[in-house]
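Q: One structure is given below, represented as structure tokens, and several questions about it will come after.
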Amino acid sequence: MQKAGRLLGGWTQAWMSVRMASSGLTRRNPLSNKVALVTASTDGIGFAIARRLAEDGAHVVVSSRKQQNVDRAVATLQGEGLSVTGIVCHVGKAEDREKLITTALKRHQGIDILVSNAAVNPFFGNLMDVTEEVWDKVLSINVTATAMMIKAVVPEMEKRGGGSVVIVGSVAGFTRFPSLGPYNVSKTALLGLTKNFAAELAPKNIRVNCLAPGLIKTRFSSVLWEEKAREDFIKEAMQIRRLGKPEDCAGIVSFLCSEDASYINGETVVVGGGTPSRL
């Protein structure tokens, strides 16, 4: 009888802990003292991810191509009491990638997390009208720069005993967005990049996963939803009848970077409101 009572008491205590955690009565910092680099992180999805990682205890280095955007993002997040610094970084330039890493090392003596979010989409139209210049730009920034950024941070993660990389892809890698051919192709390539890096880096205790957002309401995606009729049509085609918010992506990334996801590697998590997501 006493044994049953102790068992029941243990279950009750565990259940109360779950209840308190889910209701926000307790909050741990799953990324406490981790150092995170987030590219293209002064607006939209990248900014929401940077904020969430910092809220969960990480020291975050944000970046953007424009100094004014970096200054604004850093001021906002530091104003919220978060550990955030920033630097200008054009991910397509090797010298800028090096400066981003150097900044993190000087301030925090290491790197544990990379979120590769930078992407471009300079074309809207028929695939047959895409120039070689456009193809080169899209693949260079969206795919090659992502690979080079990962290559650059891996030695620093090894020094820390491991790390976590999250590549921000898109549901467009699975299901084409009309008139965005080169962008769609680049995001499909990131699915393969994730799988290959995940397999190669796992022995180094570095996990690589991918986030595939659906249609998230940001400035970057505005061409797809700025007309109300188009937005309404998109909503009708979705299982969850709304467009996503940047914050819908942020918690998933924080989870993937945490020890709670220590046995997750090479996976793509779709945050798309039920958008079809299979190749």
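Placement of Cβ uses the backbone N, Cα and C atoms for every residue, glycine included.
Checked Swiss-Prot, it gives:
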type     : residues      : note
BINDING  : 37-61, LYS187 : NADP(+) binding site
MOD_RES  : LYS93         : N6-acetyllysine
MOD_RES  : LYS93         : N6-succinyllysine
MOD_RES  : LYS106        : N6-acetyllysine
BINDING  : SER170        : substrate binding site
ACT_SITE : TYR183        : active site, proton acceptor
MOD_RES  : LYS217        : N6-succinyllysine
MOD_RES  : LYS217        : N6-acetyllysine
MOD_RES  : SER221        : phosphoserine
MOD_RES  : LYS228        : N6-succinyllysine
MOD_RES  : LYS235        : N6-succinyllysine
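In terms of burial and nearby residues, how do these features look in this structure?
A: According to DSSP, SER41 (NADP(+) binding site) is assigned to coil rather than to any helix or strand.
Of all Cβ atoms in the protein chains displayed, 12 besides its own lie within 10 Å of the Cβ of LYS93 (N6-acetyllysine).
The DSSP secondary structure for LYS93 (N6-acetyllysine) is coil.
Here LYS106 (N6-acetyllysine) comes close to no residue that lies at least six apart in sequence on the same chain with a C-beta under 8 angstroms from its C-beta.
Note on SER170 (substrate binding site): other Cβ atoms within 10 Å of its Cβ, all shown chains, come to 29. DSSP assigns SER170 (substrate binding site) to coil in the three-state reduction, placing it in neither a helix nor a strand.
Other C-beta atoms found within 10 angstroms of the C-beta of TYR183 (active site, proton acceptor) number 23, with every protein chain shown included.
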Q: Measure from the CA atom of LYS93 (N6-acetyllysine) to the CA atom of SER170 (substrate binding site) and give the result in Å, rounded to a whole number.
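A: Distance between the two Cα atoms comes out at 23 Å.
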Q: Here are some binding-site residues: LEU53, VAL61. Which one has the most Cβ atoms within 10 Å of its Cβ?
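A: Comparing the binding-site residues LEU53, VAL61, the most crowded Cβ belongs to LEU53.
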Q: Rounded to the nearest angstrom, how far is the Cα of LEU37 (NADP(+) binding site) from the Cα of LYS93 (N6-acetyllysine)?
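A: Cα-Cα, rounded: 16 Å.
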